[in-house]
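Q: The following block contains the structure, expressed as C-alpha cells.
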Amino acid sequence: MTEVRRRGRPGQAEPVAQKGAQALERGIAILQYLEKSGGSSSVSDISLNLDLPLSTTFRLLKVLQAADFVYQDSQLGWWHIGLGVFNVGAAYIHNRDVLSVAGPFMRRLMLLSGETVNVAIRNGNEAVLIGQLECKSMVRMCAPLGSRLPLHASGAGKALLYPLAEEELMSIILQTGLQQFTPTTLVDMPTLLKDLEQARELGYTVDKEEHVVGLNCIASAIYDDVGSVVAAISISGPSSRLTEDRFVSQGELVRDTARDISTALGLKAHP
C-alpha cells in the first residue's frame, strides 16, 4: 500500500477533508441555531450555545455572510438569517410545488398512455428525475428517483433544452459535449440542433433509444407563471410497445399534459 505523507509535524493538523466536514457541520449548526432563535442572535450567544470558540464562531459567520446565508445588523451587531437561505428553501418549495400540481395530470397521462410518467428538473448540465408514476403494465422500464440524465440524450433532457435561447443552449452543449450512449445518440451538433428545433415547433421531443437501448421516451417542457422552464414531463416505455407509429399521438398527449400543468402553475400564454 502506498504511504500518504502529509506536511507538517505528525498529529499537528487534521486531514483537510475532516476539517472541511467539521466546518460544514458547524456552519449548519449555526444556521439551525439562528432558525430556532427566531432568525437572529448575537455572536456571543451563538458561541455559548453551540460550545464554539468566539473566534471560530465569528469566522464561520463571515464565511456564511459571503454566501449571503447570514447578514449582520450594523446597529446592534446581531446576526440574522440571510437571503441565500431563503433562495435555497424557495427552490425546494418550488420543486415540490411543481410535483404537487403535476400529480393529478401525471396520473391522467399514465392512464391514457399506458406508460410510466416521469418529471425531471434541470440541475446544472444534467436532468434529474424528481417524480415518477409507474404504469400498470407487467413490462416496464423505470429509472429510480434522483437518477441523472444527459440533457442531449434523453427525452426529459431535450425537453429542458429546446425552449432555451440559442446562446444558452450552445453554452451548455459546449460544456457537456455530446457523449454517445447508444448507436442512436445524437452526437453531432447540426443533427441535435435540428432535432431541438423540430421539438420546439411540435411542443414535444422524442428520445429514440438515445440513452438506453430498448427504451423510448417522449417529453415536453413545463413552464411557470412567468414563462420560464421549470421541469419536463415525459412518458417512457419499451421500444417494442412505445413504437414510432405512436409517437405523434402520444407526443401530442404529453404536450397537452405539459400545457395543462403550466396553466395550473399560472402560465397565461403558452410558447
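Each residue, glycine too, has its Cβ placed from N, Cα and C.
Not my notes, these are from Swiss-Prot:
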type	residues	note
DOMAIN	21-83	domain 'HTH iclR-type'
DNA_BIND	43-62	DNA-binding region
DOMAIN	98-267	domain 'IclR-ED'
BINDING	SER154, GLY155, ALA156, ASP207, CYS217, SER234, ILE235, SER236	glyoxylate binding site
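Walk me through the surroundings of each of these features.
A: Residue counts for the domain 'HTH iclR-type' (21-83) by DSSP state, with H, G and I taken as helix and E and B as strand, are 38 helix, 8 strand, 17 coil.
Taking the Cβ of ASP207 (glyoxylate binding site) as centre and 10 Å as the limit, one finds 27 other Cβ atoms among all the protein chains shown.
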Q: Return the count of C-beta atoms lying within 10 angstroms of the C-beta of ILE235 (glyoxylate binding site), excluding that atom itself.
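A: Excluding its own Cβ, ILE235 (glyoxylate binding site) sees 30 Cβ atoms within 10 Å.
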Q: Averaged over the whole of the domain 'IclR-ED' (98-267), what is the pLDDT?
A: 93
Q: Do any residues, 6 or more residues outside the DNA-binding region (43-62), come within under 8 Å Cβ-to-Cβ of it, and if so which ones?
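A: Beyond its ends, the DNA-binding region (43-62) has Cβ neighbours at 23, 26-27, 29-30, 33-34, 37, 70, 72, 77, 79.
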